[in-house]
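Novice: Mind having a look at this structure? Questions to follow.
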């Protein structure tokens, strides 16, 4: 079937902010889809609330709306744009749920908008647990015994009948939210209650647990003419029972026989055909390791995290083709863009092994619950390609950026055998390292397989890695063993440790012995046809397939896996940098390890190397490509940390030089620079041990802000009020030493703002100043920010512009820099300078219409601002108000406190724009799912130091008709000041009348909870905060955010005053 001519305009719904379970893979899918539809000549309208994405760039669609993905706003856009059709299957769960809502509201029918791709009935059949069960029974496909329940009692009754353990799966939720494995009645009671609340249709599936089966996934495609094929099949290293997003995954499957492969393939194709899915679909199956018995676990009728992985693992662009199928093209009409010669109807064949390892946020959340189950917890993932399992697994381990270069955590050698076994059985995010340690201690693969239900085949590979370690240790300098270790993915640094030499020495031995990697092409067809993709991975074998081009090239380092503090914003900057390199006439080469992102789409750059971002792996590419230089400004801290070792090895770093990067990051050098430039900063000192820290704090005066130097996203930062707290911080939070000093600064309570600037060494362009809504003390990544600034005087703005220019020129900055200021009594202080692109680049680029990363890249390559037609100084402000608001994933992370402070906790962001501050704030709150009704009850539980300020907020809430509830101390303060309050217990002896109980009953619409500076003592507050999050009740832990919400509520309510 040729493409449809009866539709011209298509609306695509994006997936909104990044949360755990729905990350950058949808930016990649949405970007591909929009471009794919434009390529076919359709007009595309895009709606997405997340500014940090490539897909919300003007050139991706014909009309781009950065608006909340809620019925209210999407309906307005539909009425305004009147598209012929809507494509919802590329926006993750958000897009699907929105399509469902629009359809149920009758709006699609009223406007005559057709749904493209998979039909709603099919989405319903796959997502609604009851309909799915019926369909599987009709097809004769086995599913675990299960029961659909709408009440907790029904759940308990069913479980009593089939026996524990059982799995709870709420309907229509994302990333296993609200689900879990229950091994007894108490656990089921709690999880089922929560799951029913979270499910938008109050429905859960309770099923017999098949934990311990092998988990196999098939990524399948089907078109409107019923052609269907398997793009990729993948096998989880971890058995069923751990969410696939949290599992280590290999592609293609490693341990199943051809018969099993065909059996599961047939089942997957049968299911996608029965559901009549048009586009991509992911089928998860459980296979009994001891027989040919299997079960269908679930089907995702949309592009998913697994399809991003499958696309990158095979080179087959699923989202791009899904969009073409949606407009009527068939697989036998679409040319496979990888080979450029075969059609898309070919099933990809792989002659390599791909390993994916999830990246977890527990380096940020030390108290988080690390146990893994059916609810996803990873924020991102890495992928590595090799010629064998050992190679791809070890490359993936060193891509994780958790301070390891091998499947080994040095600290585990101290762990007792009992503890080791406990960690292997009760699965945590770092189980791979515990299993590897057990093998080093002589436990056999069979013993471990018995405990973990992981296939012995994989454990044998871990044993093989250990055997090579032994061989290396006993054959120092032996080139045969060295070659074997390299072919199995060992890093130079690991070999160096075993040989007791430096990694440089190992590298030299390799060069002398000609043991160098070759680069192989990812071509979808195991080299059977000619292929046109410049997409490579390294391995130690024969025949190098990557040829250095005659054109001068520039290498851009990506930012690795998505984690808290280093999100998709850096990928955005990387992609823009590549565009600018190409526009300047150079060949652009990207190196990155993240399968979810746009930067690792092989059509973005001239060459893509899918490799770990380590010194060794980067140097190997540089040796081959001999680029003009390397750009490290856009890859976050990952890339910046490589600047010094690369520069020492004689590599040219383009843009700001290493010595100047050091001046911004090293405390003493930075203070020196500020003195020379005559710029004030909060008084501070560095300390290399506990006593020095105490002495510094006495001199400066409490409160102080303490943090280690050289970190991203505010890791291990705290505001400390007294000596006892400071001592405990120095003992527990950081390991201070002369090499790694701790910074002790005076903590100034003032307004915070930040600036991104672009400099060519002579002139400095400041696109705009962003003013934070929360005062200093909340990490900039977790603050709401307004552009243009709403409360700064002209004098302060001029000072900020002046200091920014002095800093950029004084630090010899070429390209980008980000500066954070705090303002108190009209006095401006510099808090910190980051000599690189920051996480605000996408937001500021969108609201000022300056493609900042592109401009910075052109300057890095030697052009000037004047040549690019940009003025020196502060860019004129826009007349619209734009708000950037953070989005958190606390509901996925048990035991992580949602209290905001100097350590970053948000996973994503949204933007709200309008003509007034109140309207922009309203949109930002709606987009970040903080919805407050016009009236209801608000609970105040406030620390002593902010009761006075909270009183004014409470009075404003009362004026618009809210009921004011408060806990004991706060209530008596409010009553003494003439405000009528209902007293409520924090955590009561009668657990039917305390705050968590009222939250459960839906009696509380918002909670405002601040904590004194001694944060640790607040156990009750933590329980209240987590119950608010579990039940989706808006929670404000900073009074400034509550004030912003009040502005919105006040602007929406009429004034009713007696005369």
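Backbone N, Cα and C define each Cβ position, glycine as well.
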Novice: For the ATP 2 site that Swiss-Prot gives with 707, 746, 748, 752, 777, 778, 779, 780, 832, which of 763, 790, 820 also belongs there?
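Specialist: Record source Swiss-Prot; matching candidate: 820.
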Novice: Using Cβ atoms only, state whether the domain 'ATP-grasp 2' (671-861) and the domain 'ATP-grasp 1' (133-327) have three or more pairs under 8 Å that are 6 or more apart in sequence.
Specialist: no
Novice: Return the member of 284, 298, 834 nearest to residue 820 (Mg(2+) 3 binding site) in space, with distance defined Cα to Cα and candidates limited to these binding-site residues.
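Specialist: When the Cα distances are compared, 834 comes out closest.
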Novice: What Cα-Cα separation, expressed in whole Å, is found between residue 298 (Mg(2+) 1 binding site) and residue 834 (Mn(2+) 4 binding site)?
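Specialist: That separation, Cα to Cα, works out to 45 Å.
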Novice: To what whole number does the mean pLDDT across the domain 'ATP-grasp 2' (671-861) round?
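Specialist: Across the domain 'ATP-grasp 2' (671-861), the average pLDDT comes out at 90.
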Novice: DSSP on residue 820 (Mg(2+) 3 binding site), three-state: which is it?
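Specialist: DSSP assigns residue 820 (Mg(2+) 3 binding site) to strand.
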Novice: Tell me the residue counts in helix, strand and coil for the region 'Oligomerization domain' (402-546), as DSSP assigns them.
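Specialist: Tallying H, G and I as helix, E and B as strand, the rest coil: 78 helix, 11 strand, 56 coil.
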Novice: For the C-alpha pair, I'd like the distance in angstrom between residue 284 (Mg(2+) 1 binding site) and residue 834 (Mn(2+) 4 binding site), rounded off.
Specialist: 44
Novice: Over all shown protein chains, what is the count of other CB atoms within 10 A of the CB belonging to residue 284 (Mg(2+) 1 binding site)?
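Specialist: Counting Cβ neighbours of residue 284 (Mg(2+) 1 binding site) within 10 Å gives 20.
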